[in-house]
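Following: one structure in structure tokens, then a few remarks.
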Amino acid sequence: MFRFLLGRLAVLIPTFIGVSIIAFSFIRLLPGDPVALLSGERVMSPERHAQISHELGYDRPIVVQYFDYLWGVLQGDFGTSISTKEPVLGQFMQLFPATLELSLCAIIFAIVLGIPAGVFAAIKRGSVLDQIIMGTALIGFSMPIFWWGLLLIILFSGILQWTPVSGRISLMFFFPSVTGFMLVDSLLSGQDGAFTSAASHLILPTIVLGTIPLAVIARQTRSAMLEVLSEDYVRTARAKGLSAFRVVGIHALRNAMIPVITTIGLQVGVMLAGAILTESIFSWPGIGKWMVDSVFRRDYPVIQGGLLIIAGLIMLVNLIVDLLYGLINPRIRH
Amino acid sequence: MATPAAPSGEFTGSDPVDPSRRARFAEFWFYFSENRGAVVGLVFFVFLVLLAVFAPLIAPHGPNEQYRDAVLVPPFWQEGGRSAFLLGTDPVGRDILSRLIYGTRYSLFIGVIVTTISLIGGIVIGVVAGYFRGWVDTAIMRVMDIILAFPSLLLALVLVAVLGPGLTNAMIAIALVFQPHFVRLTRAAVMAEKNRDYVIAARVAGAKPLRLMFVTILPNCMAPLIVQATLSFSNAILDAAALGFLGMGAQPPTPEWGTMLAEAREFILRAWWVVTLPGLAILMTVLAINLMGDGLRDALDPKLKRS
Amino acid sequence: MALLEIENLVVEFETASGMFRAVDGVSLSVERKEVLAVVGESGSGKSVSMLAVMGLLPWTAKVTADRMMFDGVDLATISPKERRKLVGKDMAMIFQEPMASLNPCFTVGFQIEEVLRVHMGMDRARRRARAIELLTLVGIPEPEQRLSSFPHQMSGGQCQRVMIAIALACNPKLLIADEPTTALDVTIQKQILDLLVRLQAEYGMGLIMITHNMGVVAETADRVIVQYKGRKMEEADVLSLFESPRSNYTRALLAALPDNATGDRLPTIDGFLVEAEAAAVNTPMMEPPL
């Protein structure tokens, strides 16, 4: 296990360094003057330019600048936002719980519906049920989710008036952020209706963000189950006189979960990309919307820092998934 | 399956009518046509191609023609609809049907260009990595890992922000982001094929590395690449539309579907058709291509064929 | 009354090109404490007929029989639920690929104890004690440690021993062994066969040994059934089969043993003669006409 972890780290560390080089060089690749871009001041005198250039360390060789940047990153200094003058990491920490809450709800939504759907499609292979499930999954897989979000808003917020259009909670409620998760904080606040309000704000974004992972998980579960169901050990399980539930739900599913877990792990990147669109549609104050807004504001330190933090986060999640994979697959554990 | 027969053509040279090739196509078509969804997808795709090619003949109006007297006209079946604008008009009085028909051109063009760039680039880099191995391979794969560490849409978004918003830059960004998948697939396939007997035979017969890489080995690695290419085609359309929706792809007044959606967003609760129809066009196009992709996978991949 | 009695068993599979008949009118019976060998080439339908008895065929298979009785129970009309009570308890089966037949995700202990829990309703401590007892019985050293092993940590021979332990867990009346030694090394083959024969005698089970290996037949069986292309060609006790085979096919099969090879050419079976004979055996050879 320890050696496995070391092996993974041996790949991850150079990759992270590469990622940091890319994030670092984006600003230098931009057309225009990086000093002007980074300081956010369009018009400045040559003296002012030289002063800022010196403050930012731009008068030093590029390699020195990179290591300086990397050293800052390792100490948690990802730069300062041009528009708000706040540290990038601080902003990220403030906004991340919103994205995390939404992503967790979406992935749970996708797993809870996707795995049973895939299992049923596999055991009823070729049936009408299978065709309906797989047809729906392919539609979900092909869905432009930014449009899907708008469609749900038209239906549930416009016509039926069941759910709010945007934000995390109704403006009526105000309470301090304890965990950053609106569902938990609203419960802790003890205010009437706060939790319901938070939950109703969460429903549509969850469905929108969870749609593609749901489709992917259902398809992957079905194909993994089909492969496993034809294995000899499933025949052995049936030869033991076990109930269909035990044969499918324990003997087959346990094996089919091995590739599905990997798929779920890969969905994290998909979700963060999806969060960009979902959060933009629902004005969800998370890191996806933050990144899009920064792109429009040309807030390059935020783009640079955000890119690096998000990539690091995805690499971390992938590492955890790899470790989890070792836990559920005995052939790797030993 | 078909694979063992494939290399036999290598030594006879390229004869124009290869009977085994026709037989292989027949076998492919047999499995492909067994999948009803795939055939439906193919038919719809051909329909889209025809729409794109003959857009000026089919579309009732020009894509950017504005009718000041016909702003936000609903589709013909709704009250207030007009037969001149079958699917209604947008907030500045342009015919939605015509814009959708012209939009087909953009989406298919994006799909073709992005897939071609990332496929060719991915094949060249992947073959080189898989054939030479060693430090070349390590370096290439590390770079690909780095690209894969970013969420693809975010990376594309930032790339477009760097290169400047616009359709061309969006396509370049998406192609770059899709590259690693092709590189990985090609590399894995090349490594699997490299030590097979027919490759060694060709090498003994004196084939040079370039010929070995691209003439001997590559044709036998095509199946997974073709499947990945269809997947990229549909994803390219989705991502380009997403960038357009975010305002970073094609710029107004281009009748690109994602851009149309972005322009129509504020009318979402007033005029459902301006929002619903472009999205439906994206969904149906992507769905048709994915249906085809599933059929291709079943027909080309012998491992899945058995199940 | 015989332990297992099958008359005119037919198994057909739905395929893309119509129905394929894998077993075509096979009849057989096994007495208590008897070892019956079913012999034939691959594709002769010997495994399929036994999977039909166990109810393990996929749903694309259509099974019909005039009579299919096990220990007084009619297997043809039994509900799936009742069959599950029987299968794995009174009637057990082991398979050709021991490594693939054990679930890679669960420990050996779990897989043995599972049968004990489902069929015998034993509590945890008794299940564990019985599992250790079973592993000792099938000759696995250090059974306590082995309980927490995973299948991939063991050799093929050991896996097959575990399979035998699972099959014997509930003291079955009939054990069906489907090519139990084919996938194993030659030295291990002998050990597993000896183990099966010893346990059969000790427990007084009926044993059906499916094999294509005449050596296995000679070593284990009391009685032999020879099958070809889903049809029964011959049924005889083991001595008379080897001494005076009646069907041409059996004779060809015996002549095709590698021991009879001349030079570096292996003997083969003349397909044409056999086809003609098989076609003639429309009704099973040994049974009186209905």
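Yeah, the Cβs are placed from backbone N, Cα and C, and that goes for glycine too.
Marked as transmembrane segment by TrEMBL: A:6-27 (among others). Sequence-distant contacts of the transmembrane segment (A:6-27) (same chain, at least 6 residues past either end, Cβ-Cβ under 8 Å): 34, 37-38, 66, 69-70, 73, 300, 303-305, 307-308, 311-312, 315, 319, 322.
Per TrEMBL, the feature domain 'ABC transmembrane type-1' maps to A:96-325.
What TrEMBL records for A:102-123 (among others) is transmembrane segment.
Under the heading transmembrane segment, TrEMBL lists A:135-157 (among others).
Only residues 6 or more beyond the boundaries of the transmembrane segment (A:169-188), in the same chain, are considered here, and those with a CB under 8 A from a CB of the stretch are 96-98, 100-101, 194-195, 197-199, 201-202. Among the features that TrEMBL reports, transmembrane segment is placed at A:169-188 (among others).
TrEMBL lists A:194-217 (among others) with the feature transmembrane segment.
Residues 99, 102-103, 106-107, 110-111, 115, 118-119, 145-146, 149-150, 153, 165-167, 204-205, 208-209, 212-213, 216-217, 220-221, 224-225, 227-228, 288-289, 291-292, 310, 313-314, 317-318, 320-322, 324-325, 328-329 of the same chain, all 6+ positions outside the transmembrane segment (A:256-282), place their C-beta atoms under 8 angstroms from a C-beta of that stretch. Annotation comment: TrEMBL describes A:256-282 (among others) as transmembrane segment.
According to TrEMBL, the transmembrane segment annotation covers A:302-328 (among others). Long-range contacts of the transmembrane segment (A:302-328) within the same chain, counting only residues at least 6 positions beyond its ends with a Cβ under 8 Å from a Cβ of the stretch, are 1, 4-5, 8-9, 12, 15-16, 19-20, 22-24, 26-27, 73, 78-79, 81-83, 88-89, 91-92, 257-258, 261-262, 264-266, 268-269, 272, 287, 290-291, 294-295.
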Distant-in-sequence neighbours of the transmembrane segment (A:102-123), which means Cβ under 8 A and at least six residues beyond its ends: 129-130, 133-134, 137, 202, 205-207, 209-211, 213-226, 229, 248-249, 253, 256, 260, 264, 267-268, 271-272, 274-275, 278-279, 284, 286
